[in-house]
């Protein structure tokens, strides 16, 4: 169908054929936009990861993705850029058209005219005009020291270079193909021009920062680049380093404008931000499921019918992912028995941070997915001005440089990130609070003496700090527009500013995710310790009960023998960490509740209590004294066995689908179980996880947790 359309109208500039831009059944592009959102978010993340790991990014102008931008931006794996040779003819055609129109005396914006509000000025010195354009746009400030922090991060610059090449390859901009080849050489040799961090409103594109790439290409004396080893290079040294011996470019008419008049810096940074955001969003769903496991939550909050009745796809998928993690979980099975045994031990319903986590995360996933597709459309767009339409022999004066999709998408993404962080903080706060966490110790303290172990108290304070800053960053950027450039640029997108703020938000969410994951691993190990200690206490109480309560002084069966079952119920129902640091203390609940059982049995013993040989009261002292001798030793032995890796009860996490993340933290990263008895601090362990998240090492463990999921909820039955 596309081929027939081409024959009918013949419109073709470069790599993008005009009929493809105007599909008859979808003239407004809504259908294409909707099509990109088909399938699950998990499948989309898997596709992103696969693309990110490919060794080559082939640019043709119309199929660049955010994952490819992220891959080139990091350069960690040595990914290379290749330009589609098929785009050369279209690029050359638009460049030739500009030169032809110049020779014919055609009046074209930015070619024979001034710029913006001063476009009423005229000149025939096209090359000199481009040189002046780059000079006056070099208005950024870097500061005199490396610590000044006024240079755009080099990853963002690399992303911008790639996106700008992709735009210019489409053949609507009037620039030579050779210039794009040189920018590609810079990328492939890891030589990155220095761009100012601030100074763009992303409305006539990212004029100021992009002018520094043009300055490097033209050899401006103030241009600097950074080499692969961090060395500072002048423009001449940069050209020599990448093997370009033909000298700097003398820009032809329109070429300077083609380089600077686009949204590549904002959309490039937005691409890297969204790649990370999609990974973190998926991680937040898994962390919510692990939170449900260690909190002994009720899994019915993931039931598909609940979410199907709400209709929102993000919510349905978030619930289905959590349902998959919890399905068959050993923690869930154990918690179910606990709830059946004592339904009044905790509230009938879990608190909102657990129970409504799919409803909370679902809309954020939807926002992130839509923003991802919006930015992918932007990085594959032609976004400068004027556009050269060779087929109709005209220059189109419009406003595709307006980066509103970037500003809006980044504002929305940042709000979604803040919401994810808010949920994470609420979950963390429940996890460390012994009033809410169903038997875990206060602050997740793992040591023997809680008076000398305050666990994650400092980490909770840090989480509050992270969350507060994240909520502040959620405020929109796009409502702070100022009229610029003599009121010509009177509305502007602030796309790069919003992207920068979203990059900050992503960094903070990484801090929160790493801290929360370390805390969850601590909680997993505490549940393991709890189970072993409870087992030890039960066995010890049972042994002591049999020795002291079964028979009387003459070997006859004693009425107190019937107390054992109720004594063991006390052990099952009492939170281990409420007494385990001093299990036989009279002020702790274990001894109080055990004595209460014996007293209650004694009160129902009737006339037998008057006889010393049948009195249960007479047995209490013997039971307690022997327990006080034996129990502390047994508890210490159980702790020692756990520390040496020979615990009597294995860690339930090994039977769970969430195990890959736990294994990654404990084994691959070496982040340890924390106690006040050790020197290691929480921050040191969180740092290991944070670094792994930043380096992308956590991606595989995340996907391993969801291996085998078919993309659908469990059937309703």
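From the backbone N, Cα and C atoms, a Cβ is placed for every residue, glycine too.
Annotated in Swiss-Prot:
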ACT_SITE  109  active site, proton donor/acceptor
BINDING   261, 349, 355, 385, 457, 485, 488  (E)-cinnamate binding site
MOD_RES   204  2,3-didehydroalanine (Ser)
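Feature map: Swiss-Prot annotations on the structure.
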| residue | record | contacts (Cβ under 8 Å, 6+ apart) |
| --- | --- | --- |
| 109 | active site, proton donor/acceptor | 119, 385, 386, 395, 397 |
| 261 | (E)-cinnamate binding site | 110, 204, 205, 207, 210, 384, 385, 401 |
| 349 | (E)-cinnamate binding site | 298, 355 |
| 457 | (E)-cinnamate binding site | 432, 443 |
## Note on the structure
Top of the recorded positions 204, 385 by count of other CB atoms within 10 A is 204
### Summary
Around the Cβ of residue 355 ((E)-cinnamate binding site), other Cβ atoms within 10 Å, all chains included, total 17
### Query
Secondary structure at residue 355 ((E)-cinnamate binding site) (DSSP, helix/strand/coil)?
helix
### Query
Should residue 385 ((E)-cinnamate binding site) be counted as helix, strand, or coil on the basis of DSSP?
coil
